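Sequence annotations record features per position, and here Swiss-Prot assigns domain 'CARD' to 1-88 based on sequence analysis. According to Swiss-Prot, the region 'Nucleotide-binding domain (NBD)' annotation covers 95-298. The annotation ATP binding site is assigned in Swiss-Prot to G169, E170, S171, G172, K173, G174, K175, S176 on the grounds of sequence analysis. Feature annotation from Swiss-Prot assigns region 'Winged-helix domain (WHD)' to 356-463; the stated evidence is similarity to another entry. Marked as phosphoserine by Swiss-Prot: S533. Swiss-Prot lists 578-598 with the feature repeat 'LRR 1'. Sequence annotations record features per position, and here Swiss-Prot assigns repeat 'LRR 2' to 656-679. Here Swiss-Prot flags 735-758 as repeat 'LRR 3'. Summarising the annotation, Swiss-Prot assigns repeat 'LRR 4' to 762-785. The feature repeat 'LRR 5' is assigned by Swiss-Prot to 787-812. If you look up Swiss-Prot, you'll see 824-847 marked as repeat 'LRR 6'. Per Swiss-Prot, repeat 'LRR 7' is recorded for 848-870. The repeat 'LRR 8' annotation in Swiss-Prot covers 878-902. The repeat 'LRR 9' feature in Swiss-Prot is assigned to 911-933. Residues or ranges marked as repeat 'LRR 10' in Swiss-Prot: 936-963. Under the heading repeat 'LRR 11', Swiss-Prot lists 965-985. Residues or ranges marked as repeat 'LRR 12' by Swiss-Prot: 999-1021.
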Amino acid sequence: MNFIKDNSRALIQRMGMTVIKQITDDLFVWNVLNREEVNIICCEKVEQDAARGIIHMILKKGSESCNLFLKSLKEWNYPLFQDLNGQSLFHQTSEGDLDDLAQDLKDLYHTPSFLNFYPLGEDIDIIFNLKSTFTEPVLWRKDQHHHRVEQLTLNGLLQALQSPCIIEGESGKGKSTLLQRIAMLWGSGKCKALTKFKFVFFLRLSRAQGGLFETLCDQLLDIPGTIRKQTFMAMLLKLRQRVLFLLDGYNEFKPQNCPEIEALIKENHRFKNMVIVTTTTECLRHIRQFGALTAEVGDMTEDSAQALIREVLIKELAEGLLLQIQKSRCLRNLMKTPLFVVITCAIQMGESEFHSHTQTTLFHTFYDLLIQKNKHKHKGVAASDFIRSLDHCGDLALEGVFSHKFDFELQDVSSVNEDVLLTTGLLCKYTAQRFKPKYKFFHKSFQEYTAGRRLSSLLTSHEPEEVTKGNGYLQKMVSISDITSTYSSLLRYTCGSSVEATRAVMKHLAAVYQHGCLLGLSIAKRPLWRQESLQSVKNTTEQEILKAININSFVECGIHLYQESTSKSALSQEFEAFFQGKSLYINSGNIPDYLFDFFEHLPNCASALDFIKLDFYGGAMASWEKAAEDTGGIHMEEAPETYIPSRAVSLFFNWKQEFRTLEVTLRDFSKLNKQDIRYLGKIFSSATSLRLQIKRCAGVAGSLSLVLSTCKNIYSLMVEASPLTIEDERHITSVTNLKTLSIHDLQNQRLPGGLTDSLGNLKNLTKLIMDNIKMNEEDAIKLAEGLKNLKKMCLFHLTHLSDIGEGMDYIVKSLSSEPCDLEEIQLVSCCLSANAVKILAQNLHNLVKLSILDLSENYLEKDGNEALHELIDRMNVLEQLTALMLPWGCDVQGSLSSLLKHLEEVPQLVKLGLKNWRLTDTEIRILGAFFGKNPLKNFQQLNLAGNRVSSDGWLAFMGVFENLKQLVFFDFSTKEFLPDPALVRKLSQVLSKLTFLQEARLVGWQFDDDDLSVITGAFKLVTA
């Protein structure tokens, strides 16, 4: 009793909670303490209070109880017992014994059994070596708020080491390898930060059993017989911070199996040894409060991933894999997780040549590995409960994709066995500095894979309820833009998981194209025209561009699904139905391998496409030549011989079938040699019909005639900002099967026998576009003569011309003097005269099919008002008119009332342009009264730029303007207009109600920052 009493202060300070509980258990078994007394001691939160309580209880119970207390103390903390008796165990061990033990450890850390490890578990016979495959990790030090505050290297971490140090990271981040590396570095003696440690012990906590001493002996090496357990524990106390414990995997540790290791972490102040412990994110909450330093393992760097791949794979396989990763943004993101790098390499191992595996294959391997690797953790869990939890995890992922949710709450996992999802590694749990826990998949792409896997199982289930559920998810995908963006990865992994699921997906996508939202675009690609207007305004450039963007992205999505599918040939019929009538864009500078597979394995699908768009770029050659000139022309023999890559030739020319239509675009060619022309001829021959576009190609001059001679099947030609010789122009007008001709920015002099002289030869033309072409009055007259022969033309654009005298009079007369099929006429900024407008007005009865009439940006001088009046008065014959943009002149605003009266009879009008009409408050009120009657049911575009309306006038107009619910575009630009605050407020209210608005032009309106803050919305606002 006196011994305990005399040493009570030391006992209270040094026993520790773990030893107190162990002694309490012994005393309960020996009937010294009853259950109530045990509860009192164990419920104490402070270890000193617990120690004080048990000592006072024992002293009251007499000497026999005190002897039993000392017996238990001797068992559980022998070094403390010896110290209290005035005996030190440490002196019993010689320095030589310690040196021998340290050397044995160092030797162990350099043996093959320690350096070689199974990165995917012992069931898979793939071995990595720690020396050659370790890459420098990225570590982040965390503060008390659990925020990243500093990036650390491994050496930086060791130099700043505090105990306990907690290293957290999601599964597969390389935490175990990191601790093994530290042990190896200590053993080598080459790491300065580790030389201060006498011993470094690496322990796997999943295998910890018994006491600390027993675990060390079991996992590392047999400690010499001269060092007993009590002596060893005393040595640890004596060496203090010269001993480093590397404790791997607290998330797999069972504290009851080894209370001493638990105490080493949570009561580190008693042991005084240094500790680094790793854990997964979801288990961090169990030890975070005890950490003196917390570090997170960050993403693997791209250089580290490449180094690892090159180290573990033979050169050919490594280069193939690195090329595949370079082409895939998704794979590049996944390579930030070391385990995924390992899996990607492992799939290639044993192969004689590189095989480009699909992302589904990689994720499937990863998913199954997680389940297999952690199956031992689920003993006692019923198989049905386990499967139900996995299904719920898939449902969670699937719902998350559709609701754009990638962070989940407790209620989301409350209906299943949370432990199953966490221990398999499918979900990660985040609790640090959070009132409510957050659950996430380790990567967004992994959530999409899990969702796709689940959708596949639903679509192929034998249970009708599950099939209905799966089809319900497909029915939510009704917009092409959503399918090609939001749901593209989900569909990819669904198709990669099952042939039958792919069949269901492709049938749905074919139905979407037929009946769904074909023209729905993502916000970043919203069209100027809404879908409804496109149905009424036919053959417009806007419509064609919009459809091309949508259909191309849709087709690319289909090819990716084909690529991902587990069986290509079995689904040929479904894929062919999907590709029927669609288009595909190909960049010749980056033709992916899967296109060759697509053409080879599904030739019927490729030929089912409506047309292929192929782009060639000459800029690389031009820049190379400039560099050669800058260096005096050195190494000219190394210049590439052709612009046209042979890869493009092999893709098209080696193909055994024909495309319906091929659209080839040449851009920025500084020259075109004979081999290029031969290559183009081979490519052109792969299509039944050809469209050729030439943009900014100075080098085509003189060669275009040769190019066209290889085009036996061309029906559309567009030349933009590319000079032409007289031979080129003559050859263009000799291609009599042309249906579309578009010439832009052609500024060389018109020569006899050239373009304007001979356009009449192209009698099959249906569309003629001439923009910014240099010509004089004589050229215009010749052009007019040629137009008389173009009886099939339905679209004519003549824009941005100058100095053509009275040439427009002749052109307008040729266009309108006889009944024709013209549906669209654009005569924009082309010296249109009042006389030409009169001629047009008098001949409107010959243009009854006209849908779009654009005469904007033309100033009518003499007799302009009279001409405009006459045009307006005769407009009643244009029963299909949907878009009207008028010219301007002096006092044209006087014609507004007459115009609006006629427009009341044109309910299908969607676009009206009165640019530079200089409308005043009077006219804007007249216009407001017109719109107040709501005569135009689907009105969408209004251009009143160049007005003179005051704030009062605009305020009056706003009351009606806000009712134009279908509006997508307006232009109210003017000069130096300072709007009143009341107008700004009203404008902001109106704009918020125009939910379809995509662009508002208010150039010249003098807004300050406050004004802009209230009128800015989801639309594009142009003020300068």
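Cβ coordinates come from backbone N, Cα and C, glycine included.
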Query raised in the report: Over all shown protein chains, what is the count of other CB atoms within 10 A of the CB belonging to G172 (ATP binding site)?
Result: 23
Report task. Would you mind listing the long-range same-chain contacts of the repeat 'LRR 2' (656-679), meaning Cβ under 8 Å and 6+ residues beyond its ends? Result -> 603-604, 606-607, 609-619, 621-622, 625, 641-644, 646, 648-649, 686-700, 703, 706-707, 710, 716
Query raised in the report: Residues of the same chain, at least six outside the repeat 'LRR 5' (787-812), with any C-beta under 8 angstroms of its C-beta?
Result: 539, 759-773, 775-777, 779-781, 820-833, 835-837, 839-840, 849
Requested in this report: State the non-local partners of the repeat 'LRR 10' (936-963) in its own chain: residues 6+ outside its ends, Cβ under 8 Å from one of its Cβ atoms.
Outcome: 528-530, 532-533, 536, 856, 883, 885, 888, 903, 906-921, 924-925, 927-929, 969-974, 979-980, 982-983, 986-987, 989-990, 993-994, 996, 1001, 1003
Report summary line: Within 8 Å of the Cβ centroid of G169, E170, S171, G172, K173, G174, K175, S176, the other same-chain residues by Cβ around the recorded ATP site are T278, T280, V297, T337, P338, L339
Query raised in the report: Considering pairs 6 or more residues apart, do the repeat 'LRR 7' (848-870) and the repeat 'LRR 1' (578-598) have at least three CB pairs under 8 Å?
Result: no
Query - Per-region confidence, the repeat 'LRR 5' (787-812) (mean pLDDT, whole number) - result: 93
Query raised in the report: Excluding the flanking five residues on each side, which residues at least 6 beyond the ends of the repeat 'LRR 1' (578-598) place their CB within less than 8 Å of a CB in that stretch?
Result: 327, 356, 506, 509-510, 513, 548, 551-552, 554-556, 558-560, 562-563, 568, 605-606, 608-617, 620, 644-645, 647-648, 651
Report summary line: Among the binding-site residues K173, K175, the one whose Cβ has the most other Cβ atoms within 10 Å is K173
Report task. Grab the same-chain neighbours of the repeat 'LRR 12' (999-1021) for me: Cβ-Cβ under 8 Å, and only residues 6 or more beyond its ends, written as numbers and ranges. Result -> 523, 528, 945, 968-979, 984-985, 987-988, 991-992
Report summary line: Per DSSP, the repeat 'LRR 1' (578-598) contains 8 helix, 5 strand, 8 coil
**Report entry** Where K175 (ATP binding site) sits in the secondary structure, as DSSP reduces it to three classes
**Finding:** helix
Report task. Count, for each of the binding-site residues S171, S176, the other C-beta atoms lying within 10 angstroms of its own C-beta, and report the residue with the smallest count. Result -> S176
